[in-house]
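The structure appears right after this line, and notes come after that.
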Amino acid sequence: MAQLAVNVDHIATIREARKINYPDPVAAAFAAETAGADGIVVHLRGDRRHIQERDVRILRQTVRTKLILEMASTPEMLDIAADIKPDLVTLVPERKEEISTEGGLDIITHKDAISRTIEQLQSFKILVSIFIDPDLEQIKTAKKLNADMIEIHTGAFCDAKTEKEREEEFGRIVEAAKIAKELELGVNAGHGLCYHTIKRFRGLNAIDEFSIGHSIVARSTITGMEQAVRDMVALVREL
Ligand SMILES: CC(=O)[C@@H](O)[C@H](O)COP(=O)(O)O
Ligand SMILES: NCC(=O)COP(=O)(O)O
């Protein structure tokens with residue numbers, strides 16, 4: 001049965017809009033777990049546009065399921081991960097100018113640096129996932145670099161403008177998940193998924209966990225966080 005990890009970044013986006021102390025992503029994470037979330041995701045960005053180090057430190061104490069830290073492969077983030085020890089680190093690309101994550105991490109180009117980061121994280125007993133495009137060479141490289149799992153970037157599928165394009169992108173995700181499973185990698189998926197696009201994954205049991213944030217936080221502004229997460233949990237459990 002597929003699992004759901006809830007990303008609470010954009011609760012922090014609302015807070016940082018006024019640089020005050022509410023809404024608190026820690027409270028949102030509690031509500032998400034109460035509603036059945038299987039994990040909590042936070043992306044601690046170098047520019048601290050939303051999640052702050054304080055959030056990650058408190059979440060380490062309060063999260064009852066599993067704490068997933070998304071981070072760029074930098075010395076600063078490595079030190080923070082080594083100190084806080086999330087259950088899982090997902091290595092993601094980061095550009096200061098980006099509105100949100102734009103693509104998967106290119107681990108073929110950066111394989112030496114990424115390999116060192118993976119080794120160091122695993123030496124701290126932290127599981128490592130790599131956020132990559134549904135690209136077979138990237139997936140094979142993730143296996144070669146000894147990653148524990150991958151997270152397939154679902155952005156191109158979610159942003160597709162035509163049915164044809166959407167089905168092509170979905171086909172890439174299915175193929176990528178199949179290959180990753182054959183390579184005995186854990187297979188997660190995320191970015192841009194919403195209450196409509198998640199339904200397309202019905203019957204595809206190669207994905208272990210979906211990481212979803214923005215669409216849940218958006219719905220929570222109308223229904224409340226617990227209900228928004230319950231609604232997404234119900235859809236993910238039906239897949
Ligand atoms: C890696 C990914 O797709 C998302 O977790 C995203 O990074 C969330 O953070 P932003 O919305 O700040 O990009
Ligand atoms: N890695 C994807 C994630 O954590 C949430 O992405 P989004 O649903 O906020 O686009």
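Quick reminder: no glycine exception, Cβ is built from N, Cα and C everywhere.
DSSP gives His43 (active site, proton acceptor) a strand state. What TrEMBL lists as active site, proton acceptor is His43 (among others).
As annotated by TrEMBL, active site, proton acceptor applies to Glu70 (among others). Here the Cβ of Glu70 (active site, proton acceptor) has 27 other Cβ atoms within 10 Å, regardless of which shown protein chain they belong to. According to DSSP, Glu70 (active site, proton acceptor) sits within a strand segment.
His191 (active site, proton donor): 25 other CB atoms within 10 A of its CB, across all protein chains. Annotation source TrEMBL lists active site, proton donor at His191.
Following the DSSP three-state reduction, the secondary structure of His214 (3-amino-2-oxopropyl phosphate binding site) is helix. For His214 (3-amino-2-oxopropyl phosphate binding site), other Cβ atoms within 10 Å of its Cβ number 16. As annotated by TrEMBL, 3-amino-2-oxopropyl phosphate binding site applies to Asn7, Arg18, Gly192, Gly213, His214.
When other Cβ atoms within 10 Å of the Cβ of Asp9 (1-deoxy-D-xylulose 5-phosphate binding site) are tallied across all protein chains shown, the result is 22. According to TrEMBL, the 1-deoxy-D-xylulose 5-phosphate binding site annotation covers Asp9, His10, Arg45, His50.
What TrEMBL lists as site 'Transition state stabilizer' is Glu151. When other Cβ atoms within 10 Å of the Cβ of Glu151 (site 'Transition state stabilizer') are tallied across all protein chains shown, the result is 31. Following the DSSP three-state reduction, the secondary structure of Glu151 (site 'Transition state stabilizer') is strand.
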Message: Other than Asp9, His10, Arg45, His50 themselves, what residues in this chain have Cβ atoms within 8 Å of the centroid of the 1-deoxy-D-xylulose 5-phosphate site's Cβ atoms?
response: Asn7, Ala12, Thr13, Val42, His43, Arg49, Ile51, Gly213
Task: List the Cα distance (Å, whole number) between Arg45 (1-deoxy-D-xylulose 5-phosphate binding site) and Gly192 (3-amino-2-oxopropyl phosphate binding site).
output: 18
Query: Largest pairwise Cα distance, Å, within the listed 3-amino-2-oxopropyl phosphate binders Asn7, Arg18, Gly192, Gly213, His214?
result: 25
Field: Whole-number Å value for how far His50 (1-deoxy-D-xylulose 5-phosphate binding site) lies from Arg18 (3-amino-2-oxopropyl phosphate binding site) (Cα to Cα)
entry: 11
- line: Hits among Arg18, Glu70, Glu151, His191, Gly192, i.e. recorded positions with CB under 6 Å from ligand 1, come out as Glu70, His191
